[in-house]
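> Pasting in a structure now, in structure tokens, and then I'll have a few things to ask.
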Amino acid sequence: MDLWLSDYHNEGVKLSIKVESQLYQERSEYQQIDIFESSEFGRLLTLDGQLITTDKDEFFYSEMMVHVAMATNVEIKKVLVLGGCDGGVLKELEKYDMVTQIDVVELDERVIEVSKQYLAYSKQSFADPRVRLFIQDGLRYVRVTKEIYDLIIVDSADPFGINESLFTKEFYGNCYNALSENGILISQQANGFYQEDLDALAHIRRTVASVFPINEVYMTSVPSYAAGYLLFGFSSKQIDPLVNLNIEKWSDKQIMTHFYNPMIHQGAFYLPTYIKEFLENETKH
């Protein structure tokens with residue numbers, strides 16, 4: 001009998017992936033953790049039944065979450081990652097020699113341990129000596145930290161459930177205070193296709209805009225995600241992702257990527273008309 005994993009998108013839509021076997025399952029203090037093996041997407045990590053990452057398209061997400069910021073401010077040294085349980089974002093950050101410190105704040109330590117055991121890139125990512133791991137709530141961490149970062153990456157799932165605290169005005173205000181003058185905040189901002197995601201996007205955009213003077217949205221393809229693509233937010237005090245993009249200096253670093261390049265970087269900020277108009281209408285409210 002065929003086994004299929006169905007990832008919930010909304011009341012009328014699910015994405016199903018044929019799986020060969022279930023490699024692991026656990027109910028942690030916070031959520032259900034599962035690892036599956038599939039022939040098409042490789043290993044899959046799900047949390048509370050939501051697909052988080054796959055072997056096959058992990059780099060679509062991780063590269064666009066990291067390299068857009070790193071090519072805009074080529075002097076980034078201290079990085080804070082909120083979430084990042086699978087280690088994909090760490091893998092990309094660790095390609096940069098000038099990065100001296102990567103602080104990871106994750107609420108559920110068990111997700112990290114399971115990822116290190118079952119995802120090929122994860123164990124090595126967390127073993128890098130530049131990584132410091134803090135097991136605690138991300139909102140509390142940015143509220144009390146005295147550190148000043150050049151880049152903050154909010155590598156979280158959708159703004160529901162245990163992640164809701166990472167999408168509030170207090171949270172974004174604390175991130176602003178924890179950033180250097182040329183610092184950048186990168187955050188996930190839903191997919192912009194289904195209505196509930198558009199509603200979430202509108203809320204996030206209004207909240208971020210009340211804190212950061214520069215706010216841009218960019219887009220990437222992620223085949224296993226809802227609608228097949230995802231929107232990220234680029235927020236800063238004074239750095240612009242297109243004006244300050246430094247193609248020459250980034251290219252000189254000879255960073256190996258499979259998805260990201262400077263042309264993709266520029267094109268990602270040119271959004272489909274319906275999303276562009278939606279965001280423009282929201283700013284008028």
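Any Cβ shown, glycine's included, is placed from N, Cα and C.
Sharing the features that TrEMBL gives for it:
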DOMAIN    2-237  domain 'PABS'
BINDING   Gln31, Glu106, Asp137, Gly138  S-methyl-5'-thioadenosine binding site
BINDING   Asp86, Asp155, Ser156, Ala157, Asp158  spermidine binding site
ACT_SITE  Asp155  active site, proton acceptor
> Neighbour count, 10 Å Cβ-Cβ cut-off, for Gln31 (S-methyl-5'-thioadenosine binding site): what number do you get?
20
> Using Ser156 (spermidine binding site) as the reference point, find which of the binding-site residues Gln31, Glu106, Asp137 has the shortest Cα-to-Cα distance to it.
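Nearest in space to Ser156 (spermidine binding site), counting only the binding-site residues, is Glu106.
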> Write down the Cα-Cα distance for Asp86 (spermidine binding site) and Glu106 (S-methyl-5'-thioadenosine binding site), rounded and given in Å.
10
> How many Å lie between the Cα of Gly138 (S-methyl-5'-thioadenosine binding site) and the Cα of Asp86 (spermidine binding site)?
16
> Just how spread out is the S-methyl-5'-thioadenosine site if you go by the largest Cα to Cα distance in Å among Gln31, Glu106, Asp137, Gly138?
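Between the most distant Cα atoms of the S-methyl-5'-thioadenosine site, 16 Å.
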> In whole Å, how far does the CA atom of Gln31 (S-methyl-5'-thioadenosine binding site) lie from that of Asp86 (spermidine binding site)?
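Gln31 (S-methyl-5'-thioadenosine binding site) and Asp86 (spermidine binding site) have their Cα atoms 15 Å apart.
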> Near Asp86 (spermidine binding site), which residues of its chain come within a Cβ-Cβ distance under 8 Å, counting only those 6 or more away in sequence?
Leu45, Ile52, Thr53, Glu58, Val111, Ser115, Leu119, Ser122
